Amino acid sequence: MAVFNNLFVLLWVFLAFASSISSNYFFTQACFSTDHGGAALQIGAYYHTCPDVERIIYSKVEEAVMNDPRMAASLLRLHFHDCFVNGCDASVLLDDTNTFVGEKTALPNLNSLRGFDVVDAIKSELESVCPETVSCADILAAAARDSVVLSGGPGWDVLMGRKDSLSASKTDANNNIPAPNSDLKTLITKFQSVGLDYTDMVALSGAHTIGQARCSSFSSSLQGSSSSSSDGPALDLQFLASLKQLCSNAESNNNATLTALDLATPATFDNQYFINLISGEALLPSDQVLVAGNSPTLEIVESYAIDPRAFFEDFKQSMLRMGILSPLTGGNGQIRRNCRVAN
Ligand code: HEM
């Protein structure tokens with residue numbers, strides 16, 4: 001009987017161990033791959049087909065950022081504007097054709113989106129090393145991560161395996177990408193409609209810790225004296241005066257005059273953006289509304305302003321969530337040879 005009991009205990013221990021391994025395995029798989037449309041996005045998707053892909057993308061982004069430090073911000077924004085319009089499918093990169101008007105001339109993108117040449121350079125290098133293998137949508141996702149890292153921000157493993165779209169939509173870009181003068185409710189709705197919540201929205205808005213904006217993007221904040229035109233708190237008077245001066249010059253073209261989204265540390269990816277919001281130095285009206293009186297976003301802004309690690313952690317997670325919005329996988333879409341045109 002004692003032998004039987006011992007055997008029973010051993011069997012029980014074995015089963016418990018095996019089940020813990022399999023649930024850990026499941027957890028790992030669930031964290032590192034995601035199943036959409038039949039095929040999975042995964043880390044190391046090009047491990048066998050293009051093993052140097054991430055090194056090549058990183059070195060091209062690095063070179064571009066060395067030549068033009070703002071390029072990090074521009075590449076990060078490209079990925080965002082891609083993912084919000086029918087998923088992360090590189091539709092933003094397509095030029096107009098006879099059958100569709102693409103996204104490049106949509107209001108949020110026109111005279112504003114940058115980085116297309118850098119993506120072309122990455123794509124052409126990848127085509128020479130491993131032809132027709134790496135999608136333009138994956139290039140955008142990896143370049144966005146590399147841009148954050150090169151600016152001093154956090155890194156994360158990019159899930160790969162997206163395919164590229166065959167078309168693009170100017171109308172959808174106009175409708176889906178949030179505008180800088182949207183109120184908080186509209187901003188939250190736009191994020192919710194792609195499956196992201198308001199914590200994602202606040203964390204991702206932290207991308208405005210790098211990069212620049214044109215006067216035309218924040219001119220509505222410059223009306224009046226110290227109160228902002230949005231439902232956010234009053235802007236700092238000195239900050240407002242300096243913006244007014246910058247943008248008031250009749251000679252200056254509101255599309256060409258730029259200022260940093262984060263004046264304190266303009267090219268460093270840190271939590272300074274959130275500190276600026278609290279001290280009344282938010283550039284865009286859509287930034288100001290995040291700290292409006294009783295908004296649910298205020299508390300999140302405050303937590304990121306005091307805890308940069310919390311911001312980095314949430315930013316990584318939200319970038320991962322944004323990066324897997326409706327990807328084309330498996331038999332859907334294609335690997336474009338040239339990111340600007342469907343094959
Ligand atoms: C919450 C809604 C958002 C709105 C309304 C918004 C709006 C804008 C606007 C108007 C500009 C300036 C464009 C110009 O004047 O040319 C800008 C710049 C930028 N945005 Fe956003 N944005 C939002 C969210 C995001 C997100 C989620 C990201 C990335 C994760 C992002 C990344 C950037 C970056 C990096 C820049 C600077 C780009 C550069 O210097 O080339 N933004 N944004």
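Backbone N, Cα and C atoms are what each Cβ position is placed from, and that goes for glycine too.
These come from TrEMBL:
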- Asp82, Val85, Gly87, Asp89, Ser91, Glu103: Ca(2+) 1 binding site (BINDING)
- His208: heme b binding site (BINDING)
- Thr209, Asp262, Thr265, Asp270: Ca(2+) 2 binding site (BINDING)
- Cys50-Cys130: disulfide bond (DISULFID)
- Cys83-Cys88: disulfide bond (DISULFID)
- Cys136-Cys339: disulfide bond (DISULFID)
- Cys215-Cys247: disulfide bond (DISULFID)
- 40-343: domain 'Plant heme peroxidase family profile' (DOMAIN)
- 1-23: signal peptide (SIGNAL)
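Here the features listed in TrEMBL are painted onto the structure.
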residue: Cys83; record: disulfide bond; contacts (Cβ under 8 Å, 6+ apart): Val194, Met322, Gly323, Leu325
residue: Gly87; record: Ca(2+) 1 binding site; contacts (Cβ under 8 Å, 6+ apart): Leu325, Ser326, Pro327, Leu328
residue: Cys88; record: disulfide bond; contacts (Cβ under 8 Å, 6+ apart): His79, Asp82, Ala137, Leu140, Ala141, Arg162, Met322, Gly323, Ile324, Leu325, Ser326, Pro327
residue: Asp89; record: Ca(2+) 1 binding site; contacts (Cβ under 8 Å, 6+ apart): Asp82, Ala137, Arg162, Lys163, Asp164, Ser165, Ser326, Pro327, Leu328, Gly333
residue: Cys130; record: disulfide bond; contacts (Cβ under 8 Å, 6+ apart): Tyr46, Thr49, Cys50, Val53
residue: Cys136; record: disulfide bond; contacts (Cβ under 8 Å, 6+ apart): Ala90, Leu93, Val119, Lys123, Asp164, Arg336, Cys339
residue: Thr265; record: Ca(2+) 2 binding site; contacts (Cβ under 8 Å, 6+ apart): Thr209, Gln272
residue: Asp270; record: Ca(2+) 2 binding site; contacts (Cβ under 8 Å, 6+ apart): Gly152, Gly153, Thr209, Pro308
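Neighbouring residues of the recorded Ca(2+) 2 site, listed in sequence order and excluding Thr209, Asp262, Thr265, Asp270, comprise Ile210, Ala264, Pro266, Thr268, Phe269, Asn271, Gln272, Tyr273 (Cβ within 8 Å of the Cβ centroid).
Between the C-alpha atoms of Ser91 (Ca(2+) 1 binding site) and Cys247 (disulfide bond), the distance comes to 33 Å. Put simply, Val85 (Ca(2+) 1 binding site) is 26 Å from Asp262 (Ca(2+) 2 binding site) when counted between their Cα atoms. Other residues of the chain with a Cβ within 8 Å of the Cβ centroid of Asp82, Val85, Gly87, Asp89, Ser91, Glu103, the Ca(2+) 1 site, are His81, Cys83, Phe84, Asn86, Cys88, Ala90, Val92, Ser165, Ala168, Asp172, Ala173. Using a 10 Å Cβ-Cβ cutoff, Cys339 (disulfide bond) registers 22 neighbours.
Per-site Cβ counts within 10 Å over the disulfide-bonded residues Cys215, Cys247 peak at Cys215. Nearest by CA distance to Cys247 (disulfide bond), out of the binding-site residues Val85, Glu103, His208, is His208.
Cβ neighbour count for His208 (heme b binding site): 23 (other Cβ atoms within 10 Å of its Cβ, all protein chains included).
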